[in-house]
Ligand SMILES: Nc1ncnc2c1ncn2[C@@H]1O[C@H](COP(=O)(O)OP(=O)(O)OP(=O)(O)O)[C@@H](O)[C@H]1O
C-alpha cells in the first residue's frame, strides 16, 4: 500500500542542515564495514526508492544484515529524506522493538545510498495475519504489547513514526516485533519543546482523521494507527479505506452505527472497548499509551482463559461462557464447539505452563511483555523461541531437505555463492507435487483467471511478478519457484501495496493450484533464518563449534 506524503519530509530543527551526500556517508560508521567479505544474498523487499537486500558475512554465514538501497540515479531528490531517516533510526537504536540502525554509506560507483540495518529474520507482521480472520487473541495481544512498547520508546525520544502499519512491523525468528521504516518519521519534541505537525503523511487506512485536515499532535496520531493495526490483527481486515466523511464505514464507527457488521463482529467486547478508546476522532480524548497499557484487554492474561477453556472441554462440558472465557464478540456467544477448538488449536498447546505478564524474562525471548508461549529452556541453556508459526495458514509442508543453493536463489553472477542461503520465514509458501516449470505455468493460468496481470522474470528465471489489478491501491507480489532434491517450493513475497490484499490474492492462487499442493506434513527446518535439512544443520553446528 503506497504511503502518502503530501508535503514531503523536511529536516527538523533537531538535526543538522547539511545536504551533502558525504555528510550522509559520515552519519554513524561505527560498525563493521559491510563491504569486503560480505555478500548480497537475496532481495528481502522493495522500498520506495530501491530494494532491501540480505547481506551475509562470508566468514560467518550466521552474521547477516539488511541493506536498504536508495537508487540515487532514479531518485536524485531523496538525499535529504534518506539522510533524515538514517539519523532518526540512529537516535532510536537502543530498543529491542525497533530495527537497529547499523551503518550508512554512499556508494559512489553505483550512485546509491546504502543503509545497513539489523536483519529481521521472521518476516513481516502482516504475514502472520490470516486474511478476513486475523489471529488468535493471545497472539494479537503479544504483538500489540510489543508495538506499544516500541512506540512508547520512539515517543520518549521525541520522534513520531507516522507510518505505523503491519507492513512496517517486522519480526525476528523469536517473534520479537521490530518497528521499521522511518522514512516518514520526524522529530516532534526537542529540548522539551513540542511542536504540532502539519505534513499529511502515512497510509490512508491507518492514518488518523486529524492528520488529513489540520495541524496535529504527533503522539495521538501514531496511537490511532496502532488501533487500526489491532483491528487488522484481530479481524484480518481494515476498518475503513480512509477516516474521512465520504467513507461510510468510518462514518458508521463515528456514529456507533452498524457495529453488527465486519470487522467489529469478529472482535471481542474487551478489545472493542480498547478500540473505542483508541479510535476516538478527538485526539485530545484519545487513549494515550499509558491508558492503553492499563486497559483490561492489554493486561489480561489470555493464556489462563485458554487453560480454563481446555479444562471445561476436556470434562466434556461445552460451556464456553462465564467468567473464564476468551474475549469474544457479543454476537458470537453461541459459537460451536468446533470454533472454540479452532481457537485453541491455533495457538500453543494448552498444557504448556501459563506465563503471566512478567513471567518471561529478557533471558528468554528478549522482551518483558507477556510471551504467550513459554520459552522452553534447553539443557545447554539456550531457549526455544515461542513458535506461533504452528497455526499454519499456508506453511510449507513436506520439505525435509531444503538447503537452497546460490543458483536456485537466482543471485547475479557477480555475487559469491554462499551455502547457507536464507529465506525469510513466511507463511505465503507451499510445496507442490509437479516440476517447477509446470507450476510456473499453472500460476500464470491461475492469475489470468483471477484477473491479475503477470510479468515474467528476465532471462527465463523462475520468477513472476503478479499485479493485482482488481484492487484500488496497486498491490503486486513476486512468485519464485525453488527446486531442491525432488521438492518444489512456491514462494510468494509482497512487492508493493497492501499486505492483506496480497494475502487474499495468495490464498486465491493457492486454491487454484489445490490439486498439486503437497498435503502430507514433513520436516521444514528453519533455524536462525536458515532453511536446511537436519543433517546440514548438524554440520553447521559442528562448524560453529
Ligand atoms: N531490517 C530488515 N530486515 C528484513 N527485511 C526488511 C528489513 N527492512 C526492510 N525489509 C523488507 O523490505 C521491505 C521494504 O522495506 P522498507 O519498508 O523499509 O522500505 P520503504 O522504502 O520504506 O518502503 P515503503 O514503500 O513501504 O515505504 C519491507 O517491507 C521488508 O519486507
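The backbone N, Cα and C atoms fix where each Cβ goes, and this holds for glycine too.
Note that this is a predicted model, so its numbers are computed, not measured.
Under the DSSP three-state reduction, residue 68 (ATP binding site) is assigned to strand. Of all Cβ atoms in the shown protein chains, 26 besides its own fall within 10 Å of the Cβ of residue 68 (ATP binding site). Positions annotated as ATP binding site by TrEMBL: 68.
Look at TrEMBL and you will find 13-27 tagged as compositional bias 'Polar residues'.
Note on the domain 'Protein kinase' (38-298): mean pLDDT across this stretch is 93. Among the features that TrEMBL reports, domain 'Protein kinase' is placed at 38-298.
Positions annotated as region 'Disordered' by TrEMBL: 1-29.
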